[in-house]
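Quick look at what Swiss-Prot lists:
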DOMAIN    3-225  domain 'Glutamine amidotransferase type-1'
ACT_SITE  86  active site, nucleophile
ACT_SITE  194  active site
ACT_SITE  196  active site
């Protein structure tokens, strides 16, 4: 399986993503600059955290216009797994690939610590290796991680089982304690916590590795077992 880590000016978690895929998952991965127009050779696309374009205007508001995002849109339409973490989640929302918005944290402060997440839906291609309602420890590092959507959108997310992760103790004011959501098709996941920073016990825990293992399992079952 071949992964692409999209690198924007200001990305700073691309190295963590690369490490998670190459060193922990053992799969092929490339850094891909944001001006790349074709991502057809990749099986999965990863949008890392950071401060793309300095977070000017809004977080992710400029990155959505990058050439690579047109290719990401195409990959999403093809059903390829797309994972956006932190700033990557913000870019997915700004691009319209996921509903809602990410606002300033309720306390107006940047937060960097480990939090507990509850796995709300373990039937997605990103969460199949977890147990439903499993509680995992994953780091956060954001100032604008307060997820917001209107009541109609929240109802739709709940009815369609699109809420992948919730905070056990809400750190930022996100509506309905939402930490991560998938699109209706189930192949695009956006989450504020950083699973790529929790893939090795030496780094404090490996409970985020199952996100990437789930992606790999889905791909193998689809393209290897059925080949």
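Using N, Cα and C of the backbone, Cβ positions are placed for all residues, glycine too.
Positions of the features from Swiss-Prot, shown on the structure.
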residue: 86; record: active site, nucleophile; CB count, 10 Å: 30
residue: 194; record: active site; CB count, 10 Å: 25
residue: 196; record: active site; CB count, 10 Å: 29
Rounded to the nearest Å - Cα separation of residue 196 (active site) and residue 86 (active site, nucleophile): 11
Local confidence of the prediction over the domain 'Glutamine amidotransferase type-1' (3-225), expressed as mean pLDDT: 95
Spatial separation of the residue listed as 'active site, nucleophile' from residue 194 (active site) - C-alpha basis, Å: 7
DSSP-derived structure type at residue 196 (active site), helix or strand or else coil: helix
